[in-house]
There are 2 protein chains.
Amino acid sequence: MADKPVAAGQSSRRGAGSPQNAASKPAEAEPAATATAAAPGTRRPGGRTARTRAAVRDAVLSGLADHGYPGLTVEYVADHSGVHKTTLYRRWGGLEGMVADALDMAGEDTWTPPDTGSLEGDLRELAREVVDSFSDEATAAAPTAFIAAAFQSERAAEALHAFYAERFSRCEAVVARAVERGEAAPDVDSAALVRAVSAPLFLRVFITREPIDTALADQSAAAAVAALRAGAFTRR
Amino acid sequence: MADKPVAAGQSSRRGAGSPQNAASKPAEAEPAATATAAAPGTRRPGGRTARTRAAVRDAVLSGLADHGYPGLTVEYVADHSGVHKTTLYRRWGGLEGMVADALDMAGEDTWTPPDTGSLEGDLRELAREVVDSFSDEATAAAPTAFIAAAFQSERAAEALHAFYAERFSRCEAVVARAVERGEAAPDVDSAALVRAVSAPLFLRVFITREPIDTALADQSAAAAVAALRAGAFTRR
């Protein structure tokens, strides 16, 4: 059985709804994340600890991209991060902990959704960012590996859930602005709306394995806005 | 790293848009499939050959459900199908071929989409079937295993693509009937429409890892119909 080839790569492309942001640009994203993302009760290690964590995350990402979760080993992460296996086991417990932490870090970026001045414009840009990130093998590698890992690891599944819950809640800012502008009623189900825009793209990438393009992104945004106007996304 | 627990089970529940139909009810579905699904150039073995194929498919399904693709071995399939390893290698080439063939067989059922008399009724039923099939661990196991396998095997990915392309093309019958009734214009993008209904459900099950329910299915169907009426699914 051959592994599906997935190129490991680094890119500065930022895509909404996919976890490659901080993940694909570790070094730059780290300081901002450490400064801004600390939640109550969350300890954010700095300095040498932060560098170790980033090195492990980078090794996990390159391992997932090269071999997938089934082929990822603690030996690989130790070799590629320069962190001793004993330390890896002590601090992360094992591979699942390393993958989950890498996903946590992917969510610690400063990405914000587009602000074009109209709801359809914002949703269209969001959808196009998803298309861009999954059309490029380099930016697609990390989110694809995380989504695949979630099938094999409960902890990865939980981390993936947390990542997307937080990412989509950021996307809801575009709906909040639409409500302020009078483009949407205050009782809009913004969580469902932003998910409806991305869903047809994710379906084609990971389930039906069909191509996606900008026209599909635009269709998806237009459909969501039309459904909103018809009252289909009123909060239940 | 612990395998995510997935229960292997058999069920007669039929879900649109997920490959557990024939997959989860092998014995009954086989004769119908053999009689109706033969495409030009496709050889459909009968009798002992068909029984061997079904036994291998059942073993692949239970192996995928119990261990996932990474843990599936030719030994497991041989032990659980009663088919000798030499025969498995000769006829299927290896695990990838067995998984792809199991998916091919899942597509050989006689499932047809609901016919409630209205487009929204049909789409709502389709969406509810997806919710039902993924809410039940027994019916969810096979499609989940196939979708996961596609991340690790190019042949499984191709077979998954073929399965869903064919399954969604069956779903398009509900749109064709809507056109006949004057509920939709002839230039409707029926492929996009039927995918839009299922997409928010698949997104939550496999990407954001969030719960789905009947209310979400109904919202998704209503949104798709509203978008259709507003012209968002006119063929481009």
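Glycine is treated like the rest: Cβ placed from N, Cα and C.
TrEMBL does not curate its annotations; it predicts them automatically.
Per TrEMBL, the feature region 'Disordered' maps to A:1-52.
The annotation compositional bias 'Polar residues' is assigned in TrEMBL to A:9-23.
Residues or ranges marked as compositional bias 'Low complexity' by TrEMBL: A:29-52.
Averaged across the domain 'HTH tetR-type' (A:50-110), the predicted model reaches a pLDDT of 92. TrEMBL lists A:50-110 with the feature domain 'HTH tetR-type'.
Distant neighbours of the DNA-binding region (A:73-92): 52, 55-56, 58-60, 62-63, 67, 98, 101; these residues of the same chain sit at least 6 beyond its ends, with a Cβ under 8 Å from one of its Cβ atoms. The DNA-binding region annotation in TrEMBL covers A:73-92.
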Practice problem: On the DSSP side of things, how many residues of the domain 'HTH tetR-type' (A:50-110) fall into helix, strand and coil, could you say? | Solution: 50 helix, 0 strand, 11 coil
